[in-house]
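Notes to accompany the following structure.
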Amino acid sequence: MAKIYYDEDASLGILAMKTVAIVGYGSQGHAHALNLRDSGIRVIVALDDKSPHRKTAMEDGFSVYTTSRATQEADVIMILTPDTVQPAVYKECIEPNLTPGKAIAFAHGFNIHFGQIVPPKDIDVFMVAPKGPGHLVRWMYEEGKGVPALISIHQDATGSCRDIALAYAKGIGATRAGVIETTFREETETDLFGEQAVLCGGATALIKAGFETLVEAGYQPEMAYFECLHELKLIVDLIYQHGIAGMRYSISDTAKYGDVTRGDRVYEAVKPLMKQMLKEIQDGEFAREWILENQANRPVYNALLNKDKEHLVEKVGKELRQMMPWLSGKELK
């Protein structure tokens, strides 16, 4: 079983005389910065001069510097920019300003695990990854609670990296809930697999396959949308709150019987494909493909996204959502 750390396992004292730089001020960045500051830690924010978040960070009372300057000033640098821009930001602004004994930190292991960022041997490298969006991290902190997080030590140059990482996790409120020890490899590979096989790729493919099956059989697209997409939230919310068994407790016996007698057909069909997807993540094939795709300005990425935007389920959904006053009515673009 995993090693889990709580409040009593961490001390903020090790950060008392240090400065933490938060690189980025988006969903996670603003939550980390505010929570750390409220925990008594000196925090500065690193943003490009043209960043739309610069004004917000300043209004929140932070000193805002360029990433180069912030790296010079800080002892701990948490990099919370998107994965795809991190290597360039690191190479241009962070690496030249690192000195022995500093620490860099991440909330996702992609660039370290796949070698897109290779830190010098004389600095600490760790990860603190909350398992929830930034607004939840902030809200739970303000409520005196916390969001569980992952922690990993990639490189301990000072001998104090784990203590620094745990202090950081405590500063954002994560140790109130529990911090699970992992590795950069495990976090990266499981995160990518979950996104591809279940949460994003798997879920959207299942929705489209179900929708198309009903429409091709002559059923109205509106009915197919309700049964294969709209009602998914009801089930996912139950699973999220109570687990699979708890969800089954809340649905009809007919739905339950169909679940346990027919669901295995999908299971048996997709599990071998999931294993292949995991292999492509483990051997670096997906990472190489994604890195090259970005270097080529994302032609396949953009083409596939645009193709899916034209799917009938999108047209039908847009019309049906206008009938639902409890939704915002504002379409995301």
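Cβ from N, Cα, C; glycine included.
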Which of Gly115, Gly132, Gly134 belongs with Tyr25, Gly26, Ser27, Gln28, Ser51, Asp83, Thr84, Val85, Gln86 in the NADP(+) site listed by Swiss-Prot: Gly134
Distant-in-sequence Cβ neighbours of Glu231 (Mg(2+) 2 binding site), under 8 Å, six or more positions away: none
Winner by Cβ contact number (other Cβ atoms within 10 Å) across the binding-site residues Asp191, Glu195, Glu227: Asp191
Cα distance (Å, whole number) from Asp191 (Mg(2+) 1 binding site) to His108 (active site): 9
Binding-site residues: Thr84, Gln86 - member with fewest neighbouring CB atoms within 10 Å: Thr84
Chain-internal residues, separated by at least six, CB under 8 A from Tyr25 (NADP(+) binding site): Ala33, Val45, Leu47, Ser51, His53, Arg54, Thr56, Ala57
Rounded Cα-Cα span from Asp191 (Mg(2+) 1 binding site) to Gln86 (NADP(+) binding site), Å: 18
Shortest C-alpha distance to Asp191 (Mg(2+) 1 binding site) - which of the binding-site residues Ser27, Thr84, Glu227, Ser252: Thr84
